[in-house]
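S.K.: Annotation source TrEMBL lists S-adenosyl-L-methionine binding site at Asn38, Leu40, Gly65, Glu87, Asp113, Asn143. Look at TrEMBL and you will find 45-236 tagged as domain 'Ribosomal RNA adenine methylase transferase N-terminal'. Under the heading region 'Disordered', TrEMBL lists 333-353.
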Amino acid sequence: CLMAVSGKAAAFRLPPLPTVGEIIKLFRLKAQKQLSQNFLLDLRLTDKIVKQAGELRNAHVCEVGPGPGGITRSILSAGVEQLLLIEKDARFIPGLQILSEAAPGKVRIVHGDILTYKMEKAFPKHLKKNWEDEPPDIHIIGNLPFSVSTPLIIKWLENVSGKDGPFIYGRTQMTLTFQKEVAERLTANPGGKQRSRLSIMAQHLCTVEKCFVIPGQAFVPKPEVDVAVVHFTPLVQPKIQQPFQLVEKVVQSVFQFRRKYCFRGIATLFPESGRLERTEQLMKTANVDPTLRPYQLSMSQFRNLCDTYRKMCDEDPSLFVYNYREELRQKKMRRNSFKSTSQPEQTEEENQL
């Protein structure tokens, strides 16, 4: 009997439905360029994306930006317990409701923006697990619009650091699409051309895997770039154990002058007064070679820089609120102010002469 029941769960199939292409025609859906929308109609590819998420039978899944519902069908066919769809574009809701009716009791549709949606209440409380345990039976899957993918993953990485948002349930896994170039940044190793701020912020908090690349021609309309599927699993212990904002500030400063020696970017952490001495102190204590380029630094070197910078901030709290760009702006304003006040005096002097 048990075998029969599990077989039945595994064999869940959607009833005959209009194809994704027919849904698009039926509701006259058209990808909006300003929203960087691209539809994936090939169900073999959507099945392949969903497969990267792992075992989804009886799992709870949140799909971000389902659009016309290609990936949605593949998720439902995987035998999930519950599927939450968060879609910002109201044009897609009627087509998603057809899928909801075909899988009674399994689908919940939310018309809203994933950047502001409160993920803390998205799933049942009984699914929560301790951070040290195996990941909960919760997954986030999405073919993200290019315009939202980077700000969204930064937001979620901050949630991983704070163990809040969708990670209040434990180490929730994510399977998401990005422009191929962004995916390469997320997964780049030290010394790689694509090593960037995104590499450090993602890899110090998660295991990040680039699964496979989807050629641009698979999408409608065809984007100018290829797309890659990336899988994230939050780490039990982050590789840099400092607050997210501090790590982000240090990493952002280091990569501010990507092609110069890392000394140049690190110097922007400090006010002009005493900048050289403090930069030398930080690099010496952190044991980082000042002539390395930012992309050559290892994760342990970034950890040393963050730990040392934290101690310096504890000794001088004004350091953390210091903003290099703001100092430059203030200097420019003073210079312009000086020019504007000195110019009339010269004109008046010329008139007297």
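Every residue, even glycine, has its Cβ placed from backbone N, Cα and C.
Just so it is clear, the model here is predicted, and its values are computed rather than measured.
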S.K.: Going by a 10 angstroms cut-off between Cβ atoms, which of the binding-site residues Asn38, Asn143 has the sparsest surroundings?
M.R.: Asn38
S.K.: List the residues of the same chain that sit at least 6 positions away from Leu40 (S-adenosyl-L-methionine binding site) in sequence and have their Cβ under 8 Å from its Cβ, in sequence order, or write 'none'.
M.R.: Thr46, Ile49, Gly70, Ile71, Asn143, Ile214, Ala218, Phe219, Val220
S.K.: What count of other C-beta atoms do you get within 10 angstroms of the C-beta of Gly65 (S-adenosyl-L-methionine binding site), across all chains shown?
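M.R.: A count of 23.
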S.K.: Would you mind pulling the longest C-alpha to C-alpha span across Asn38, Leu40, Gly65, Glu87, Asp113, Asn143, which the record has binding S-adenosyl-L-methionine, in angstrom?
M.R.: 20
S.K.: I'd like the number of other C-beta atoms within 10 A of the C-beta of Asp113 (S-adenosyl-L-methionine binding site), please.
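M.R.: Taking all protein chains shown, Asp113 (S-adenosyl-L-methionine binding site) has 12 Cβ neighbours within 10 Å.
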S.K.: Which residues, sitting 6 or more apart from Glu87 (S-adenosyl-L-methionine binding site) on the same chain, put a CB under 8 Å from its CB?
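M.R.: Gly65, Pro66, Gly67, Ile93, Leu96, Ile109, Val110, His111, Gly112 - these are the non-local Cβ neighbours of Glu87 (S-adenosyl-L-methionine binding site), listed in sequence order.
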